[in-house]
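A quick write-up on the structure given underneath.
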Amino acid sequence: MSISTPAAPSTDAPGDTHIIRRNPQQPSGMPVSRYAAYPAVDLPDRTWPSKRITQAPRWCAVDLRDGNQALIDPMTPDRKRRMFELLVRMGYKEIEVGFPAASQTDFDFVRMLIEEDLIPDDVVIQVLTQAREHLIERTYEAIAGCRQAIVHLYNSTSTLQRRVVFDASEDEIVDIAVQGARICVKQEEQLRAHHPDTDIYYEYSPESFTGTELEYAVRVCNAVMEVFVPTPEKPVIINLPATVEMATPNVYADSIEWMSRHLNHRENVILSLHPHNDRGTGVAAAELGYLAGADRIEGCLFGNGERTGNVCLVTLGMNLLVQGVDPMIDFSDIDEVRRTVEHCNQLPVPERHPYGGDLVFTAFSGSHQDAIKKGFDALERDAAAAGVAVDDYRWEVPYLPVDPKDLGRSYEAVIRVNSQSGKGGVAYVMKTEHKLDLPRRLQIEFSRVVQERTDDVGGEMTPAQIWDSFQQEYLHNTGPVVGTDYTVSHDEQHGHDRIEAEVAVEGEPRHISGTGNGPIAAFTDALSTIGVDVRVLDYHEHALSSGSDALAASYVECAVDGEVRWGVGIHPSTVTASLRAVTSALNRPTRR
């Protein structure tokens, strides 16, 4: 049926079997008349629809500026540093680190990065400033002494803001941008008099580009470039932000191709995108805008940012990977990326967020599970027939666009798809009856245990029976490796912990020792000295009670001999609880 076909009264007789050809929807009563369609771009010879993405763009991560300003609880200096270090490890080479003229915290953070020499030689920091003299001066104070920096100048150009915010003419707004650019150049000259080795690059954004007439947007950008004078050695970044996403992605792409054709000095311009996600199509807008001629994309990990967020750099990068294009960014430990982002932003990543959410590789449907299993079987057969390892063979499995292992994930969520039934009820009983707030993947694992035992005995398991199963599965301190005593010390000089532990291995007392970044890492290091290979993948803890007899619960997800499983420890000491959780994971197969 056609979506443009108007609804018409049905002439079918009652009881007729037919294909419905009319749209059965009725008028909603919503105030449609208050809104108007975004104007289309007159570009009949557009070229972007027939293009393909064959290489990654230049990336710029703006988590520390655009992302940070949108947080309920803005990042502390420690959280800022942790985010910066994550972005560097992942491979981002351009990182917007703040708006130093607008915040003392941002100013101090930029100074810390420079003075403590935390910026790698191949990473360029970017700082944002409005086109106002005192703010620009403060910005250059912040970056004094750095090896290289991008000064990102912006002012709003949209028709709406010109009218209701600034009450200014087109010429007046152009003058604001040009005067700001001139002040930047003047400040650069003064900075280089004291720091001649500093390289300054420029970026200009006509903020609210999507609400700006294209002819006017290109006029402002060209006027700014006449001041910055782009060259092959020092190109200028022209950033075209969808500060508010106002139209379908194809319209944004048309506007990018139009701008690319009309900008002066195009060969010396790095055309950049900065999509937001107000309509929920930020990723599509970025991808189509890149096809339309852009060279660079700004965004945030997992789409943090004002209102509905900036475009998600994880989704963009992984979308390239699954098309066989190297994103030039390392997503091989997606859970660590997510944990760090959640810690720094103090916001959760949704369970169904593409590529990074807890449930993105989990199928609840039985037919999906069957197809996935057959896909894995076929993959192994095809790889063997081709004479290559499965991990090197082209990935093709139904319902899984990417191999979870390539992101540091296991197949546990995939092979436990039937265990989802009853997970919510089991988790509710454990929390309400025993104050145990099980992590989601542990909920999935334990619900499978409950399901197996329900199948064995039949009928319904009571809360008491569920608790008994939990104790038997996770809390009985028996098995081939049992910890009896330990001592943990901290080495201030080297910044790590050391553990001396007494354990019983198959009943034989052993003394082991190890070091690591925390007691758990030190304990797993010590276990490796006796041939026990365990790697901690995830860790959670919380208090079960308060007061002098308070107990702590620790949950540890471990990889043991290639198998992923959880362990649980409960003890007044959080350290003891965490170490018991590790041995719980080690010993569980022997208790089943």
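Note: Cβ is positioned from N, Cα and C throughout, glycine not excepted.
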Looking at TrEMBL, His274, His276, Asn310 are annotated for Mg(2+). Which of Asp66, Asp525, Asp533, Asp538 sits in that same site? Asp66
Same-chain residues six or more away whose CB lies under 8 A from the CB of Asn310 (Mg(2+) binding site)? Val62, Asp66, Gly67, His274, Pro275, His276, Asn277, Gly282, Glu298, Gly299, Cys300, Gly303, Asn304
By DSSP, how many residues in the region 'Regulatory domain' (477-592) are helix, how many strand, and how many coil? 28 helix, 58 strand, 30 coil
Find the average pLDDT over the domain 'Pyruvate carboxyltransferase' (57-335) in the predicted model and report it. 97
